[in-house]
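Visitor: Mind looking over this structure? Questions follow.
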């Protein structure tokens, strides 16, 4: 970073501050992770200089012989990782990947069935404030109040009533295994496409620890960060019959030039994800989430769906008399990063909320195992139950710092 320091000391100083925040804080945001040095180095390479509109062997610019090899390798690796017929690695984000599928398979005004945002879905699954909800006629399913699991009877009922062109499965705050076979069954009953957004669980799927949606879905989208631990970006996987439509939708339909430095970084992360070490890492992610959920249950917290089968959990704070916004802010003060999150039937608005979403991918990358996770659960409880006790918060902050110093990230 010496060149950044010399050229732009202001930006360098903020990068240093962000490094310090990551190094000295406990990261529990479920959608965040720590990329390897190799992933970051590929993203910071000379490939950032190259324009490459089009696809390997079919570019609109010369000089693409090497970036063609990079993109071909990224495609080959991600297809192997998920046993997919076809992959498009050009989406700049998960949202871009989702919009690419919609553009390929739908027309404006088409009816789509997706998971409600306040029941664990995502903005791009038809929220009225998102382009998906403005361009398409979305209807939403949710979870059962007693179990917190997807209400498949309601999914089937809505599908038969509205005859959607597409059903979207996948979530951003759902802690249980998703039954893709039942989604496929319902989609077939009404003649709908099935799209699965596996952004949150892609790493678990790659490791064989969550059912793979690829055999069931017509289209699968994912981010490449989160549990995959790559750079920020997206991917679309699809059956061979949809290859042409997907590629045409991503370029020239939705995007211009691909980010070749990011695609190189994706390729590196896919190589990492094919390793046995990555599978062991994902096993620990799930163990840590299970331990954290159990510890919080034992401390008297209400968890949506009662616990976790994957990398995340949703904590309902209503019985604790604390809003998600307040808990997030005070936890941030002691260097524990979480995100406030709506819970089902939340009486609070989206900027306040009654819950927290917690995840274990980042702390597991750091090296935390069961003992450290138990300590984290105790810290969460001490902060949430002692929000106004400044002495308590200072002690918690020191405990967080000491714990993080035992597990350094990028600088030994």
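Using N, Cα and C of the backbone, Cβ positions are placed for all residues, glycine too.
Model, not experiment: these values are computed from the prediction.
Copying in the features that Swiss-Prot gives for the protein in this structure:
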- 117, 121, 122, 123: (6S)-5,6,7,8-tetrahydrofolate binding site (BINDING)
- 225: site 'Plays an important role in substrate specificity' (SITE)
- 226: N6-(pyridoxal phosphate)lysine (MOD_RES)
Visitor: What does the structure give for the C-alpha distance between residue 225 (site 'Plays an important role in substrate specificity') and residue 122 ((6S)-5,6,7,8-tetrahydrofolate binding site)? Integer Å is fine.
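Guide: On Cα coordinates alone, these residues lie 16 Å apart.
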Visitor: Provide, as an integer number of angstrom, the distance between the C-alpha atoms of residue 226 (N6-(pyridoxal phosphate)lysine) and residue 123 ((6S)-5,6,7,8-tetrahydrofolate binding site).
Guide: 17
Visitor: Looking at Cβ-Cβ distances, which residues of the chain lie under 8 angstroms from residue 122 ((6S)-5,6,7,8-tetrahydrofolate binding site) while being 6 or more apart from it?
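Guide: Same-chain residues close to residue 122 ((6S)-5,6,7,8-tetrahydrofolate binding site) (Cβ under 8 Å, separated by 6 or more) are 115, 170, 171, 172, 197, 199.
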Visitor: Show, in sequence order, which residues other than 117, 121, 122, 123 on the same chain lie with their Cβ within 8 Å of the centre of the Cβ atoms of the (6S)-5,6,7,8-tetrahydrofolate site.
Guide: 114, 115, 116, 124, 125, 126, 127, 130, 171, 172
Visitor: Could you work out which of the binding-site residues (117, 123) has its C-beta surrounded by the smallest number of other C-beta atoms within 10 A?
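Guide: Among the binding-site residues 117, 123, the sparsest Cβ neighbourhood within 10 Å belongs to 123.
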Visitor: Please give me the CB contact count at 10 A for residue 121 ((6S)-5,6,7,8-tetrahydrofolate binding site), counting all chains in the structure.
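Guide: Counting Cβ neighbours of residue 121 ((6S)-5,6,7,8-tetrahydrofolate binding site) within 10 Å gives 25.
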Visitor: Is it possible to get the count of other C-beta atoms within 10 angstroms of the C-beta of residue 225 (site 'Plays an important role in substrate specificity')?
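Guide: Excluding its own Cβ, the number within 10 Å is 26.
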Visitor: Please work out the number of neighbouring Cβ atoms within 10 Å of the Cβ of residue 226 (N6-(pyridoxal phosphate)lysine), leaving out its own Cβ.
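Guide: I count 27 other Cβ atoms within 10 Å of it.
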